[in-house]
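*Asks:* Let me give you the structure first, and then I'll get to my questions.
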């Protein structure tokens, strides 16, 4: 059981995640969008969407810190475990709460605003349930494990984090995860399930985060025969340059 | 100097009768789809009025277009790149569906299925957004022909500063129609606002297009465009806009809105411009200088130096020739009677307008004076603050001098042509008062009043050697390669067989059929060659070619 969920299932999900994205990008560039419903309803979205998205950015940042950076590294730079915990809670709780509150507002909006609800597909609904469960379990783990410390403190950086890294070393350490509390186990399994669903949902828009905008000339020129010669983005000299070059 | 070519349009507002044929045919051709019910790539507004979407000109509210910073550089009015990205999760300036209007249909079935009854059955309006019955309270043209002007007229953003002068009592007011399409700007704010880089300006003809495969639905273009001419398809989650009917103009036929214009008020032609000069011209300090600055960017295609440079920039010879014959160039540069719409947005729009003289003529007529007399018209133009100031707010950032100049040219043409039409000799003094020669004035009259199809639309075709690449580029999508018929797994139009692409070939076939005298004369490869035109068929007998041929092409 543990062997399947923490030794095999992650690989299945990651494989689907990678291949699925390549497939979707190849076959469905037209469907690759945020599918925004702002046109239907603005006021709740104005509060809920930034709350949720910025909260999620914080949550993802926290996971990178907690899962990818080994405990020994933070020990080395002289960050005590207690200090790390305080830091993680100080960043994690607000981000998590923002994401949850945002999600509640967004789901409420989706359910109560007629046009938004009718634009919601089954695909969306399943994704929201899994996403919501992952987030709620994550918050619960933070509160129960690190803050209130039900059933003793669980240091996930001794258990979950090394296991997560061991997946990418192709030597999944199932025993580490088998010893983790139930909350962490379910959170991990559902998170991998979410990764597997990712390429087939609107979540793909995450990979379109337009960071390139910061370093692009304002006006894009393209030749009519772009397809023959491959995509080209060019600016006639003297008009808009990249930021910082001239304008 | 870097010469670029731009397809541009001029509309002669005096001739617009507000029939909305352009809007309807455009909608039938381009936005007659789910998700686009509320969208009009072409719309006709009654001015004064709110426009579509409501109060789109109020940039203090919408923050569209560019603004000039203290250091003389341009920045997007809604903020630079960083601010745009920080607002990406919820665009604070996006118009809501109510600012356009909630589209609806009628429950026609109740009319057809109604049992015999005393009362006449009623088809209730149903919202196309929610599917529920709704009360229709606004539309793209609710204030058409000054309907409800006493309520809506004073809210027109262009009335600002002249509120005390504009009367909305029916007998005292003035009005004209303003047809609007995308401006295909030289300095497009929509393209600059797009975080994904999906909106681009075609380097060959300057048409601004949305690449449907690169658009990710961030919605920044919709608020970035000060003319509010980029729309959000709420089913596919992508931005769509007027394409200047690129599949048509590429084969040399005018846009749908121009082709079907009843008043024949639209002109299409090429403008050559200096791309190096665009940014400086868009950055001049004074808003009222922008219009002249933009005119300064255009190049004279008769100038041999310009022709040489154009050739060096890879512009084909027949395009340079078309630029020389361009009716748009004549109206903008030679006669100088066309003005840009809202140059103060600093986007360098490329759909220009000849302001209407008719409100002035109407006033003179109502006073009982001779409305064809140059002296009367000139006096009226000089003394009437309305509509001149209103027109200046639309076309010259409030500067009345250029508007006066144009109206006087139109007034002079009117008086000069009266003499000619009455069989008298033309009075050379009249054109001279507006700095024109007799012949020039007559040529202008011909172009404005009686120009033929080929004179109004001078559209060079895209080159045949590019034809393969042209086909199905740009606003269509790669899914066209995979056939159709499967369900949209990830939302409207996604997955295999999403949208039906635009085929250049169909239009070419259509054009050949339209211009040939009989179907027998069509070129061999035209599938309609040898077929029967059913509109001419009397229903008797079975002529050859009434049914399509088998796969080998021989008619049955």
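Cβ coordinates come from backbone N, Cα and C, glycine included.
As listed in TrEMBL for this protein:
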- B:7-35: domain '4Fe-4S ferredoxin-type' (DOMAIN)
- B:173-204: domain '4Fe-4S ferredoxin-type' (DOMAIN)
- B:206-235: domain '4Fe-4S ferredoxin-type' (DOMAIN)
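Distances, neighbours, how buried they are, the whole picture for these features please.
*Replies:* Secondary structure of the domain '4Fe-4S ferredoxin-type' (B:7-35) per DSSP (helix as H, G, I; strand as E, B; remaining residues coil): 13 helix, 6 strand, 10 coil.
This prediction places the mean pLDDT of the domain '4Fe-4S ferredoxin-type' (B:173-204) at 94.
Distant neighbours of the domain '4Fe-4S ferredoxin-type' (B:206-235): 4-8, 31, 33-36, 38-39, 41, 52-53, 56, 59, 62-65, 76-78, 84, 88, 91, 93-95, 97, 129, 180-186, 188-200, 241-244, 246, 249, 341-342, 345, 347, 349-350, 474-478, 491-493, 499; these residues of the same chain sit at least 6 beyond its ends, with a Cβ under 8 Å from one of its Cβ atoms.
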*Asks:* Residue counts in helix (H, G, I), strand (E, B) and coil for the domain '4Fe-4S ferredoxin-type' (B:173-204), per DSSP?
*Replies:* 5 helix, 9 strand, 18 coil
